[in-house]
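Noted in Swiss-Prot for the protein shown:
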DISULFID  Cys23-Cys88  disulfide bond
REGION    1-23  region 'Framework-1'
REGION    24-34  region 'Complementarity-determining-1'
REGION    35-49  region 'Framework-2'
REGION    50-56  region 'Complementarity-determining-2'
REGION    57-88  region 'Framework-3'
REGION    89-97  region 'Complementarity-determining-3'
REGION    98-108  region 'Framework-4'
Amino acid sequence: DVQMIQSPSSLSASLGDIVTMTCQASQGTNINLNWFQQKPGKAPKLLIYGASILEAGVPSRFSGRRYGTDFTLTISSLEDEDMATYFCLQHSYLPYTFGGGTKLEKKR
C-alpha cells in the first residue's frame, strides 16, 4: 500500500501567517492527490485536487504544490475560519490512503 506521511500533526499559527503542511508518498509515481479541510462535526471539504488545482469557491490563499512524491498545502494570510484539520488523500493506487492529518490552531 502507498502510505501518506503527513507532517506536522499539529500546527499553531497567528492570523496573517503563512503556513505549510506536507504529505510524502512512500512509493509510486504520478500520484493523484487531493487536500481536504475538516471542521468538528462537519463533512470534509475538498480544497485542492490534482495536487495543485483549486476547487471552485475555495479562496486563493490556499495553494498546493507537487515535488516528486512530496506534496505541500500552503495557506497564506491565515484567517480565523482556516482553523481546522487538513488531510491529504492519494487516489492513484488501491487502496486509497489518507495522511494522518494536520490540526491547525490559532497561536495564543
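Keep in mind that glycine also has a Cβ here, set from the backbone N, Cα and C atoms.
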Completion exercise
Same-chain residues at least 6 positions away from Cys88 (disulfide bond) with a Cβ under 8 Å from its Cβ, in sequence order, are Met4, Gln6, Cys23, Leu33, Asn34, Trp35, Phe36, Phe71, Leu73, Phe98, Gly99
Fill in the blank from the handout: DSSP tally for the region 'Framework-1' (1-23), helix/strand/coil in that order, comes to 0 helix, 13 strand, 10 coil
Handout entry: Feature contact check the region 'Complementarity-determining-3' (89-97) with the region 'Complementarity-determining-1' (24-34), CB under 8 Å, 3 or more pairs
Key = yes
Completion exercise
Sequence-distant contacts of the region 'Complementarity-determining-3' (89-97), meaning Cβ under 8 Å and at least 6 residues beyond its ends, amount to 1-4, 23, 25, 28, 30-36
Practice task
Report, as numbers and ranges, every residue of the chain located at least six residues beyond the region 'Framework-3' (57-88) whose Cβ falls under 8 Å of a Cβ in that stretch; write 'none' if there are none.
Solution key: 4, 6, 13-29, 31, 33-39, 44, 47-48, 51, 98-106
Practice task
Would you count the other CB atoms within 10 A of the CB of Cys23 (disulfide bond), including those on all shown protein chains?
Solution key: 27
